[in-house]
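Per TrEMBL, the features are as follows:
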| type | residues | note |
| --- | --- | --- |
| TRANSMEM | 21-45 | transmembrane segment |
| DOMAIN | 21-476 | domain 'Major facilitator superfamily (MFS) profile' |
| TRANSMEM | 88-107 | transmembrane segment |
| TRANSMEM | 113-133 | transmembrane segment |
| TRANSMEM | 145-164 | transmembrane segment |
| TRANSMEM | 170-194 | transmembrane segment |
| TRANSMEM | 206-225 | transmembrane segment |
| TRANSMEM | 231-252 | transmembrane segment |
| TRANSMEM | 312-333 | transmembrane segment |
| TRANSMEM | 345-363 | transmembrane segment |
| TRANSMEM | 369-394 | transmembrane segment |
| TRANSMEM | 415-433 | transmembrane segment |
| TRANSMEM | 445-465 | transmembrane segment |
């Protein structure tokens, strides 16, 4: 599985004493990638207005990045396992920079979607940066660096939301991608001489077939979900798209189970704890993006609709900041909460907090301050939920399967985000009258209700989790906090020895 780095003994691992240069570069990479990943969310209504496309089509500027991320994150993880880690990191940065340039070109919606797709590759860069830190810094320095990277990831997203809104408001949304292209190119240039090579690592095969099958299957189903309303739910286009997804994804699963070096180690789903955690991760990812995408649209909908808040992209970006900040606060509180709350109850409580936030949105979304509160409470909920998942998984699987199990969980969460992005657009489109630009107020009620159902099911599944066979240590809990933020890229570190956590 591709989310672990095969670790040699502490004595054999090359260490970099010039951490003064390496750490700032890694932090810069993660900051820029986090900011770039946040560019799409506040701009969706603006994209629709600028290109004259439907909201469902505009939503693909977010969905496509999540879709590409779901496929390429494990690919980059596998490349990062071997001697080509630096090339993978530098190459991914170059592709992200190219994506920003393409998205900055005005007048072509297809070019924007292509650019956003290339930017989605950046979702795999934070795990690679963490791998560099763990492999080329001393253990103490590596732990501090990984902690800094995890905070930087969330802080960068929190910074990116309002920054995107301000730039788009004053200079147009294409300027956001110009700034992103400049920043990405800058960190690309400084990373080339600083990031060390990983030529000492063994080479592992890349599951190209698995990546292709996963990409085709997910794209087909997401296309059917997002365009079913415009195609018609009984149209031949939709039926063909669904058929492709239904046929391809089982073939992908069969291939992964038989592959010696699978892209995603699906065999771990035989573990009830892992399966339940992954299903809850999928549902939580869907519910999270249903909320964020819906709120972005609501805040920027004109007041003359009778329900919209009529705010600019600047305010829409600021609305997402409490979500980001509350999420990292919840992550940091998890080690303390674990002392008083059983690990099996943290996820249900987090899901319950998200349900409360959605109920408030359902019954009282007419004031901007209410939306801010909703996003803050939801951020706490998702922070506890996602931070608890690695802890539960680590406590349920053998040490040598930790990295693979956490990698599967990250893939399901990313897929959930892509599905949630498409689902939110589909729900709102279903409540948009022909010839109308905006959905009715009932569309937002339906989206909130769908989110409530998703998170209630998430809470119930989490309540059904069996008690762990072994309680995770304090160190594991602390590590899980970092993994929840940085994407589930895991290592098993022991004071006496280090070993691969994904090799079977």
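The backbone N, Cα and C atoms fix where each Cβ goes, and this holds for glycine too.
Automatic, uncurated: that is what TrEMBL annotation is.
Taking Cβ pairs closer than 8 Å, the transmembrane segment (206-225) reaches residues 63, 67, 70-72, 74-75, 78-79, 238, 241-242, 244-246, 248-249, 251-252, 255-256, 259, 261-264, 415, 418-419, 422-423, 426 in its own chain, all 6 or more past its ends. The stretch in closest packing with the transmembrane segment (445-465), judged by the count of Cβ pairs under 8 Å and taken from 88-107, 113-133, 231-252, 345-363, 415-433, is 345-363. For the transmembrane segment (145-164), the partner stretch with the most Cβ pairs below 8 Å, chosen from 113-133, 170-194, 231-252, 312-333, 369-394, is 312-333. Using a Cβ-Cβ cut-off under 8 Å and counting only residues 6 or more beyond its ends in the same chain, the transmembrane segment (21-45) has close neighbours at 55, 58-59, 61-62, 65, 89, 93, 96, 100, 116, 119, 122-123, 125-126, 129, 132-133, 136-137, 141, 145, 148-149, 152-157, 159-161, 163-165, 168, 173, 176-177, 180, 183-184, 186-187, 190-191, 194-196, 292-293, 296-297, 300-301, 313, 316-317, 320. Within the chain, the transmembrane segment (345-363) has long-range Cβ neighbours (under 8 A, six or more residues past its boundaries) at 280, 284, 287-288, 291, 295, 330, 334, 337-338, 370-371, 373-375, 377-378, 380-389, 391-392, 444-445, 448-449, 451-452, 455-456, 458-459, 462-463, 465.
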